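> Provided herewith is a single structure, encoded as structure tokens, for subsequent inquiry.
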């Protein structure tokens with residue numbers, strides 16, 4: 001029953017996300033105005049991933065101490081939170097100094113003007129993501145959905161009231177601050193008083209492992225920045241891609257996110273308890289059967305309903321753009337299908353602290369993607385390249401995970 005509840009929350013979140021995107025299209029169409037929001041949001045997400053190099057590997061350490069030594073788990077959280085803040089704020093300062101000196105990172109002027117204020121949301125978003133992970137490990141599985149529901153609801157309200165894309169930068173700052181206050185109040189209930197003096201050696205070990213783990217993710221997510229550069233050449237083209245991505249991402253979130261939130265905690269508990277091999281296989285089969293069933297049903301329904309959704313009078317797209325969105329959506333859905341199959345395997349490796357294997361698979365992905373990118377002549381060929389690189393990544397992770405399980 002709980003997993004159904006989380007799926008419903010995820011569905012509400014995605015529905016609000018769709019409404020938000022529909023309002024952007026209604027007021028701005030496929031133009032520079034919509035492009036600058038989508039591109040800025042992609043850049044901000046990439047920066048958040050970069051900051052995760054300081055803490056992304058903390059999950060096994062945190063879970064191990066959560067029941068045995070809660071003071072130590074609290075110390076891990078607080079030290080990494082300070083590190084998170086200490087890295088994100090200087091990145092914002094460096095951005096402003098760079099822009100003031102006339103370097104625009106290859107972005108067009110209208111994007112830079114919006115990003116100049118939207119970038120302030122980056123440190124807040126970095127804290128929200130870190131707190132979401134921590135709350136999830138404390139079995140507050142619904143919080144990450146409630147967070148996104150609140151942000152989307154505020155964004156929709158702002159769009160209806162002001163009808164200006166610039167006001168979204170103000171709305172996310174407001175909603176972000178409110179969310180952080182609520183998150184800290186929840187974490188305070190679960191964390192004991194800060195009595196444990198976490199050694200610098202222990203902290204450095206977590207940061208080192210996080211850097212190894214997340215360096216691969218940074219390279220992996222370079223694909224999004226490369227895609228921005230490719231699609232930005234024509235006004236409105238990135239917005240068409242963003243519409244397609246929104247539908248494909250929605251499928252992934254509805255089918256995958258609620259189940260995976262619980263899976264991550266379970267697999268780390270199995271490792272902590274030194275469980276036998278068959279329990280890992282049983283857990284993987286259970287997760288895969290649930291996610292694939294939901295994903296395939298969702299894909300078929302969305303693909304056939306897509307033309308009708310896009311013809312709503314809220315969306316300013318012609319028949320040619322609808323065909324392009326459908327084509328991009330199909331390819332992105334195939335990409336996320338592979339992601340769904342590989343995601344549990346990656347978290348097996350993370351739970352076993354085999355961060356080197358994850359790094360190797362991510363490096364392999366971006367190398368293959370970039371080599372094939374030079375031969376790409378159309379957006380479709382770029383998406384095909386992404387699918388192929390993801391399949392290779394999945395095979396590499398399977399190899400390392402199987403090797404790890406054979407040694408149990």
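Note that the numbers count up from 1, one per residue, in the order the chain is shown.
From the backbone N, Cα and C atoms, a Cβ is placed for every residue, glycine too.
Annotations per TrEMBL:
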TRANSMEM  5-25  transmembrane segment
TRANSMEM  37-59  transmembrane segment
TRANSMEM  80-99  transmembrane segment
TRANSMEM  111-133  transmembrane segment
TRANSMEM  145-162  transmembrane segment
TRANSMEM  168-187  transmembrane segment
TRANSMEM  287-308  transmembrane segment
TRANSMEM  328-345  transmembrane segment
TRANSMEM  357-376  transmembrane segment
TRANSMEM  382-401  transmembrane segment
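I would like each feature placed in context: is it buried or exposed, what are its neighbours, and how far apart are things?
Long-range contacts of the transmembrane segment (37-59) within the same chain, counting only residues at least 6 positions beyond its ends with a Cβ under 8 Å from a Cβ of the stretch, are 24, 76-77, 80, 83-84, 87-88, 91, 107, 111, 114-115, 118-119, 121-122, 125-126, 129-130, 133, 137, 165, 168, 206-207, 209-215, 217-218, 221-222, 224-225, 228, 232, 238-239, 242, 264, 268, 350-351, 353, 355.
Sequence-distant contacts of the transmembrane segment (80-99) (same chain, six or more residues past either end, CB-CB distance under 8 Å): 47, 50-51, 54-55, 58, 105, 112, 116, 119-120, 122-123, 126-127, 130, 203, 206-207.
If you look at the transmembrane segment (168-187), the same-chain residues 6 or more away from its ends with a CB under 8 A from one of its CBs are 37, 77, 114, 117-118, 120-121, 124-125, 127-128, 131-132, 134-135, 138, 140, 143, 147, 150-151, 154-155, 157-159.
Same-chain residues lying 6+ beyond the ends of the transmembrane segment (287-308) with a Cβ under 8 Å from its Cβ atoms: 3, 7, 247, 250-252, 254-256, 259-260, 263, 322, 325-326, 329-330, 333, 336-337, 340-341, 344.
Nonlocal intrachain contacts for the transmembrane segment (328-345), taken as residues 6+ away from its ends with a CB within less than 8 angstroms of a stretch CB, comprise 240-241, 244-245, 247-249, 251-252, 255-256, 260, 263, 267, 284, 287-288, 291-292, 295, 299, 302-303, 306, 379-380, 383-384, 386-387, 390-391, 393-394, 397-398, 401.
Panel annotation: around the transmembrane segment (382-401), residues 220, 223, 227, 230, 328, 331-332, 334-335, 338-339, 341-342, 345-346, 348-349, 354, 357-358, 360-362, 364-366, 368-369, 372-373, 376 of the same chain, lying at least six beyond its termini, place a Cβ under 8 Å from a Cβ of the stretch.
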> Six or more residues beyond either end and a Cβ under 8 Å away: which residues meet both conditions relative to the transmembrane segment (5-25)?
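Result: 34, 37, 141-142, 145-146, 148-149, 152-153, 155-156, 159-160, 165, 239, 242-243, 246, 250, 253-254, 257-259, 261-262, 294, 309, 312, 314-317.
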> If we skip the immediate neighbours and take only residues 6+ beyond the ends of the transmembrane segment (145-162), which ones have a Cβ under 8 Å from one of its Cβ atoms?
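Distal contacts: 6, 9-10, 12-13, 16-17, 19-20, 23-24, 27, 128, 132, 168, 170-172, 174-176, 178-179, 183, 257-258.
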